[in-house]
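S.K.: Provided herewith is a single structure, encoded as structure tokens, for subsequent inquiry.
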Amino acid sequence: MSLKEFEYSPFLNSAESGGKKNDFYDKNLALFEEELDIRPKVSSLLSRLVSYTNITQGAKEHEEEEISQRGNAAKSPSMGTLMGVYLPCLQNIFGVIMFLRLTWIVGMAGIMQAFLIVLMCCTCTMLTAISMSAIATNGVVPAGGSYFMISRSLGPEFGGAVGLCFYLGNTFAAAMYILGAIEIFLKYIVPQAAIFHAVDHHGTDSAMLNNMRVYGSICLILMVVVVFVGVKYVNKLASLFLTCVIISIVSIYAGAMKSISHPPEFPICMLGNRTLVNSKFDVCAKTVMQGNMTVPSQLWENFCTPGNLSSSQCDEYFLLNNVTKIQAIPGMSSGIIRENMWSNYRYKGQLLEKPAVQSVDAHGSLEKLSLYLTADITTSFTLLLGIFFPSATGIMAGSNRSGDLKDAQKSIPVGTILAIATTSFVCILSSVIITAILSCIEGVVLRDKFGDAVHNNLVVGTLAWPSPWVIVIGSFFSTIGAGLQTVTGAPRLLQAIAKDNIIPFLRVFGHGKKNGEPTWALLLTGLIAELGILIASLDMVAPILSMFFLMCYLFVNLACAVQTLLRTPNWRPRFKYYHWTLSFLGMSICLALMFISTWYYAIVAIGIAGMIYKYIEYQGAEKEWGDGIRGLSLSAARYALLRLEAGPPHTKNWRPQLLVLLKLDEDLHVKYPRMLTFASQLKAGKGLTIVGTVIQGNFLDSFGELQAAEQAVKNMMEIERVKGFCQVVVANKVRDGIVHLIQSCGLGGMKHNTVVMGWPYGWRQSEDPRAWKTFINNVRCVTAAHLALMVPKNVSFYSSNHERFTDGHIDVWWIVHDGGMLMLKCRMRIFTVAQMDDNSIQMKKDLATFLYQLRIEAEVEVVEMHDSDISAYTYERTLMMEQRSQMLRQMRLSTAERQREVCSAQLVKDRHSLVRMGSLYSDEEEEVPETPPAKVQMTWSKERLEAERRNNKNAPENFREDQTNVRRMHTAVKLNEVIVNRSHDARLVLLNMPGPPRNSDGDENYMEFLEVLTEGLERVLLVRGGGQEVITIYS
């Protein structure tokens, strides 16, 4: 059974256990017998956990494959610490850079800076190995090695980005090892095998690069074929190649010890203080003796025109300086260590000179430049650091074989740290003790990259005992072996990434042969490695792969630090010798080395990783691996919420935090999706959005329905691009559920401050008052909670996310001040209403000034409402409203009759509504008993009282006593006339929503007032403020 099965279903399957129910209904567990079908005994759980096996690398290695093919028995891994981790790490670290470039780095950088380079690289890898050991021992590490550790610690986005960078690093490492092997083959083993030859000294480099490309491509094809045929052949050859490495290292140390007393004979020919290329002549002298005659030597003929000694024209520098011989390894007593202590960096084409030798300064011919040793590239500390770092990048060789290890949690830390300790000791000893103190190799020889001054011998080979060929052959097989190991491991890493299915276009590389060998991934690896081979320069390829490896090491350290600081319950590594400060130090060193070595490569590598990260994030890699980034987000959220709890947000930080109340239909689908569309357009990605709905019923019986409703709402939120949270509540009464949502949604300082609620369409047809009483009760609750309220009416006519209005206005009718304005970013017109005793001109000027201070661009208009007689239409509407209310109060229907009345009323079309829609919440509790009407007291001026008396002369008999409803209807009718007249072409009308009456007796009249106020308007947004300022003029 896989770990993933336990994550989702950690109990025994009830279907499987049905036949064995009597077996585990133990008498000692009778108290728990009703739960044993879903909660197993501890013994059953442990037996399944122990049966989890780590699949070998190259086989079916992911959870999905384990579930689909549980019946197939997998071959158990059998590699131990020595063969599985220590020796592969040793072979990768003791690779091409140590044999081909270490002496050159010491010669250019000097002993002190070379020691610093080696120390920085070894410190970086050691700290990374400590972090990697902690992660590797914190649970089972299947195939995928470092990628698996990073992705499960930092999440799929970081894991995929860093995993691909690590894969590219391994692929370019294969190219580097192949180029190193071909350089040894063409320079030191069979120089005659070169296909391209230089016509003059200017074409030497290009000819060599072309040879490297041809032979490198051939070598790569052979390696790919070997790996494709079978990894077992690579594993069999690994021991042979590693033996060559060990013999080479022992040979170097033996030769170094011997050179203390008997330095080897490797003479160097010098012309003045310039070093000559040994292959261009046979004798290090200007003249030679043939019998009794002195004749020009081959060296003379290179610098002079043909002729005898007296008549030939010679190079000026050649004539003025003597030819001398010096020993390449003069020994400790020579005092050469002082020259090698400090750096001696060179520009490309600059001559390699020995400062201690006297010479006459003269300008020689440029045509003779090929006879001297020159620097082939411009060197600096940063360049040498980038070139040397790949020699320390073999530490992941063991973790990449995690699928083949018998006990990865034990083998990875022990083997990796021992390998780093061994190689660090050897590198530091080689760079400081051997090349500088014991042997004291001549500085110009150390700076001779290809050994041209010592008869085309490998420079490190001059130290070897008994012969330089031991180093040449050993280093050749070492680089070939490291290349094979990398070509074998890189496709498996890509296969592990592809099988996680976090990068869709890589899925094809997760497939392979029947035994699981990654055929397609191997093909892609070969193609990418060919790009590195076409570069053809070892010194240019090395910094590229340094960037990818450094980025991988950086995130390994980051993963360990994050997990340690978060102190998650699952973070319990068996490896105890780690600390978060060490991880942060390692991470800082990695980042510093990236920019110190090659800053432009670092930017490119970070850019590649960033694009991969954003791609995975955009594609929505929904993988829950319990990674540290989720834990970090949780900790950050907790910290931020505690900070917000300190007090209410300042006006400057106010944002619309929306609670959107939705209704679901019988199939649990969102009835009005445009509510979510409106919320997404209103919020514009800022602030908090909580989408809430209520399911009527009992929680114990409706839990499945709750989950289905929650998923339906989330799907609709994704379609409408609403980023927020979903809250579904099960309550016996819908009204209670809504009140609970209004009270309890949100957490701490992240609570809603605005409620968006739908309009109760069709309330007039229904004689059951629950349809609109629920709406008014919600308005009262929102007001009591001091929250803002928005009621979009005719929401089906609102614009969708796919259509945009390029013309028109949004009209804001600002009638009363109830806590500031919520402005939308579009062309707006703001209307305000002036009475007869108001100065409309001054009001317009004041409002324009106020908007200017708020930095809001809008047109300002002041609408004057003159006192006028109450029209007959107003009396008629008021009479109809009160007669209907009185009729409903007199009706005494039974419960069954009331339900039938509701059903029939819903079939009647509302002649005043623009669209037919169901009630927002019609399935409510019984109606609250009516309360007697409260007497409304008003204070009027004497003039206003006289005007009302004149108006009432034409009033019907019914309205002579109480004019409250008449006055309210008059206001609604007059405002509606003005609004329709001025805003009939507006895309949206924002209007102050009047508050509900203090007692419930006038609730139905209140609904009628709102209908009259908004009649004839296509899209209306009723807004009611929360009573506090949400906007300020101050910066």
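Even glycines carry a Cβ here, placed using N, Cα and C.
Please treat TrEMBL annotations as automatic predictions, because they have not gone through curation.
Among the features that TrEMBL reports, transmembrane segment is placed at 85-107, 114-138, 158-179, 214-231, 237-256, 371-397, 417-441, 520-538, 544-566, 578-602. Sequence annotations record features per position, and here TrEMBL assigns domain 'Amino acid permease/ SLC12A' to 85-256, 357-659. TrEMBL lists 673-790, 804-1035 with the feature domain 'SLC12A transporter C-terminal'.
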S.K.: Need a quick answer: max count of Cβ pairs under 8 Å to the transmembrane segment (114-138), which of 85-107, 237-256, 371-397, 520-538 is it?
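M.R.: Looking at each of 85-107, 237-256, 371-397, 520-538 in turn, the most contacts to the transmembrane segment (114-138) are made by 371-397.
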S.K.: Restricting to CB pairs under 8 Å, which listed stretch, 85-107, 158-179, 237-256, is in contact most with the transmembrane segment (214-231)?
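M.R.: If we count Cβ pairs closer than 8 Å to the transmembrane segment (214-231), 158-179 scores highest.
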S.K.: What else in the chain is close to the transmembrane segment (237-256), if you only count residues 6 or more beyond its ends and a Cβ gap under 8 Å?
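M.R.: Residues 87-88, 90-91, 94, 99, 264, 426, 430, 433-434, 438-439, 460, 463-466, 470-471, 473-475, 477-478, 480-482, 484-485.
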S.K.: Over the domain 'Amino acid permease/ SLC12A' (357-659), work out the mean pLDDT and round it to an integer.
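M.R.: Across the domain 'Amino acid permease/ SLC12A' (357-659), the average pLDDT comes out at 82.
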